[in-house]
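Over in Swiss-Prot, the protein carries these features:
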type     : residues                                                               : note
ACT_SITE : TYR116                                                                 : active site, charge relay system
ACT_SITE : GLU156                                                                 : active site, charge relay system
BINDING  : HIS106                                                                 : heme b binding site
BINDING  : TYR210, ARG227, GLN228, TYR229, SER230, MET449, PHE450, GLY451, PRO452 : FAD binding site
BINDING  : GLY320, ILE321, GLY322, GLN323, THR324, PRO325                         : NADP(+) binding site
SITE     : TYR30                                                                  : site 'Involved in heme-bound ligand stabilization and O-O bond activation'
SITE     : LYS105                                                                 : site 'Influences the redox potential of the prosthetic heme and FAD groups'
SITE     : GLU448                                                                 : site 'Influences the redox potential of the prosthetic heme and FAD groups'
Amino acid sequence: MALSEDTIKAVEATAGLIAAQGIEFTRAFYERMLTKNEELKDIFNLAHQRTLRQPKALLDSLVAYALSIRRINELYELKGKDLPWTGHLAELQGFFSVAERVANKHTSVGIQPAQYQIVGAHLLATIEDRVTKDKAVLAAWGKAYEFLADLLIKREEEIYAETEGPEGGWRQTRTFRVEEKTRVNEVICRFRLVPAKGGASVVQHKPGQYLAIFVRNPELFQHQQIRQYSIMSAPNSAYYEIAVHKDGAGTVSRYLHDHVDTGDLLEVAPPYGDFFLRYLEAGEQTAADTQASSEFQMLQGRAVNFAAEKTAPIVLISGGIGQTPLLSMLRFLAQKEGRETARPIFWIHAAHDSRVRAFKEEVDAIREAALPSLRVVTFLSEVRATDREGEDYDFAGRINLDRIPELARLEAGHANPHYFFVGPTGFMTAVEEQLRARSVPDDRIHFEMFGPFKASH
């Protein structure tokens, strides 16, 4: 249902007032909602409330939606009248990309339509408390929120159906058993998860996606905790593998390291996430392509299909534990293309030091067995006396793509490499700035940033 001009003007006029309050507005919203609806503490990441990550993310999303609402409404008006609308999609790509990321995150924690009503009521109450008591403006925001909620609810149902429908799929959570737990180093543990029901299959993930792990232990923490961990195994129908970095302040990471062992059971949501390597053979179509509503389907159709671009170079850049989704991509490429690959593939990893660098042996094994042309480059922020240049590391210091001449030669030769990168916020900012400085086109830059700040690209 289209929004009226009065509604759009009222929302546009007050967007700046909300933005001016900064995270104080969204912090007040969360405090109100989580006080009056304590059951939602089982869903929201309370650590992100304390660090203000979630309030910051909500503020950015809310203001961006308000400022784009006119163009979004125009698109849906045209769709409703069966008039050409796809021309509007390019300028709204940022909005729909963020909406897709939010929808995936919501499905991973099991958000249901009724919960949108709770959120909407507290959002309007916060606007009334802190921005305006004007009934017309509040009514306008109510309609605008309902418009957005309907869009997300529809998309989330499509995503639920996509992961539930195929063989091995499910909705909400399913019980898995820890088949193997391996301590990789002093801060990283690796878990292989299989269905608790022996012999059951799992839906194949897209390389780059994550699992949500649901943890409840009243002796250690009051509320259920949900965290997303990238899948590091290649897509298969038998198991998932994740790696967990033990964060000193991390409730769930410490719990998984210290209290979960081989044979223990965990509740797990299906694979989700909008950051993945798209690889469709000729004539192949995924459930996502057929079930997505047209505007999201259009965005997916614009994603690069690496099965069709057989010679497109791929550069995988990771910081710390950020290598896990890229490991899934690398393993997938090794399976799909292997020694016959016609594309240059780079594995560039940055770690603090050699003691916490993980999965070196696995990357070396992939290169030896399947991808002999794989170029592996390692940056260590701190080099120890026992580290050997050329074996334990290639460059000392923080990541600097200018120190890798092969990349410059690829770019100069118009090979147009695709860059996938994942890591902590500071690392991600540095890599993105370096790629922009090298004039890498937007459609060649693909990233996922830890935490709720930025959408995958």
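Indices start at 1 and increase along the chain as displayed.
Note that Cβ sites are derived from N, Cα and C of the backbone, with glycine treated the same way.
Under the three-state DSSP scheme, TYR116 (active site, charge relay system) falls in the helix class. All protein chains considered, the CB of SER230 (FAD binding site) has 27 other CB atoms within 10 Å. In this structure, the CA atom of GLN228 (FAD binding site) is 16 Å away from the CA atom of GLY320 (NADP(+) binding site). For the recorded positions HIS106, ILE321, GLY322, GLN323, GLU448, a Cα to Cα distance of within 10 angstroms from GLU156 (active site, charge relay system) holds for HIS106. Over all protein chains present, the Cβ of LYS105 (site 'Influences the redox potential of the prosthetic heme and FAD groups') has 18 other Cβ atoms lying within 10 Å. A Cα-Cα distance of 35 Å separates GLY320 (NADP(+) binding site) from TYR116 (active site, charge relay system). Residues SER230, ALA243, SER318, GLY319, LEU326, LEU327, VAL422, GLY423 surround the recorded NADP(+) site, their Cβ atoms falling within 8 Å of the Cβ centroid of GLY320, ILE321, GLY322, GLN323, THR324, PRO325, which are themselves excluded. When the C-alpha distances from LYS105 (site 'Influences the redox potential of the prosthetic heme and FAD groups') to the recorded positions TYR116, TYR210, ILE321, THR324, PRO325 are tabulated, the minimum falls on TYR210. Minimal Cβ crowding within 10 Å, among the recorded positions GLU156, GLU448, is found at GLU156.
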